[in-house]
Each structure stands twice: as structure tokens, then as C-alpha cells.
Amino acid sequence: MARRAAAPAGPLGDDFSFVSPVAKYVLFFFNLLFWLISMVMVAVGVYARLLKHAEAAMACLAVDPAILLIVVGVLTFLITFCGCVGSLRENICLLQVFSVCLTIIFLLQLAAGVLGFVFSDQARGKVSEIINGAIVHYRDDLDLQNLIDFGQKEFSCCGGVSYKDWSQNMYFNCTATNPSRERCAVPFSCCLRHAEQAVINTMCGHGMQARGYLEASAFIHTNGCIDKLVNWTHSNLFLLGGITLGLALPQLVGIVLAQLLINQIRDQIKLQLYNQQHRADPWY
């Protein structure tokens, strides 16, 4: 008995879709999470800026943590907005913008890590420049002041290269013509901490720049924060590598999901065009 020839396959039904709901909604909720986080970042940054005096706010824009928080939050908001709407509406243009932006950010992070490792001396010089700029504006910005105090306490350090770097600040400057009450002083965060000390003595750093290293070391940390930061980095390479991977992994997942969804949407468009052509065919 002869076998019947198989009928040619017709177009797929209208209810069929190449777009995977899993890829679509995973990408949507992935972006939604970071979109909400970005709004919180912008809100906190704006609130911190509004609490500051206008003069202080304009004096230190380049090193203001609130400005950095706002900029990062706005960029994250725009990128994740493209990802949210693009995945939900299956919009190829928005998904491509999202994917390209994530790719650029990932490549910039990778380039910064490689350049920082290869040109370590130049990177150290840049860090030193940033720290010295922060020292100059220490009293101009409360957020910056708290950040420096936190860093000096955690790393048990004082200043950039040494505690005498605080002479770059107009209030702590150690010249005889400085009328400030804090002349030749260092912030209290430079002081040695004692376990039995219940109350912090905020005046403990007064006059320390006028003393030599050995004499001052009995009261404050005399080593600079740059060397401490470099040593901490060398001692925690695995931790830094894990943090870097943790930051890069969501970006890679977002790029892969966006590209997967773009290809699926294109296949779905081709299917719809194919079905329309066959419906217009009088022999269909």
C-alpha cells in the first residue's frame, strides 16, 4: 500500500508567537527593579542638594556626592525606562537603545579596569588629585565632609599622602597669617580612637600639623589615605573582583535578554507578514 504524500506546511496560526513571555517579563521586571532604585537615588540626591546653602552648593559641584547620585540616578532611570517600555511594548527601537547603552557602560567599565591596572601610577595620581580637591572643599559641603571623615576612620588614615596635606584647606592651613581657630589642626576623624572613650573629642586634632611625625603619631593617624587605599586594594582583590562581577553580570544578562527579545520580535514580524501575504493569495 503506497504511502500518502505529506501535505505542504501552511502558515502558522495567529495565536502562535515567537516572543517568549519568560524573556519578555523577566527583562521587564529586571528593568522595573532598577528603574525604581534610580528614582530613589534621584530623590535622595535632590533632597540632599536642597538641604544645602546655595553658596556651598555652587562652591563644590565637581566633588559633591549628591550631584554624583543625581547624575547616576538619571542615567539609570533613562536606560531602564527604555528597557521597561521596550520589553512590555515589544518595541525594537527602545530595546536597541537599552542594549547599546548597557554595552557602552560595560565596555567603559572594562576599559577603566584595564587602564587602571596598566597605568597604575597615573591612576594613583588621579586618586591623589581627587582626594586633594576633597580636602580643599572639606568645610564647603557637609556630605563631602561626612564622606571624608568616614574614609579616614575606616582606613585609619589622615590626609592624602600625610596628615600635613590638611594645610591645603583654608581653615586648617598652618601658615602664621591664617586667622582661623583651626589653624594647624586636622579633622577629629584623624584622631586615634580608644575603646574606653565614650565621648568623641572633636578638638583632638588641634595643632597636630605643627608637630613632627613621631610626636603627632601619639594622638592621630599620620599615614595618608592613598597608601592605605592602595594596600587595601591589593589585599582585597578577590572581594573587588566579586563586586565587579556582581555589577557586570546584571548588565550582561540585560544585554543578552534584550538581544534575544529583539530577534524574537523580528521573527514575529516576519511571521505576520508571511500570514498576510498568504491571506491575500486567492489560492490560499
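Please read every residue number as a count from 1 along the shown chain.
Glycine residues also receive a Cβ, built from the backbone N, Cα and C atoms like all the rest.
According to TrEMBL, the feature disulfide bond maps to Cys157-Cys190, Cys158-Cys174. The transmembrane segment annotation in TrEMBL covers 25-48, 60-88, 94-119, 237-262.
TrEMBL feature annotations superimposed on the structure.
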| residue | record | Cβ contacts under 8 Å, 6 or more apart |
| --- | --- | --- |
| Cys157 | disulfide bond | Gly151, Cys190, His221, Asn223, Gly224, Cys225, Asp227, Lys228 |
| Cys158 | disulfide bond | Gln152, Trp166, Val186, Pro187, Ser189, Cys190, Ile220, His221, Thr222, Asn223, Gly224, Cys225 |
| Cys174 | disulfide bond | Lys164, Ser167, Arg183, Cys184, Gln209, Ala210 |
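Where the transmembrane segment (60-88) meets the stretches 25-48, 94-119, 237-262, the count of C-beta pairs under 8 angstroms peaks at 25-48. Sequence-distant contacts of the transmembrane segment (94-119), counting only residues of its own chain at least 6 positions beyond either end whose CB sits under 8 Å from a CB of the stretch, comprise 31, 79-80, 82-83, 85-87, 244, 247-248, 251-252, 254-255, 258-259, 261-262, 265.
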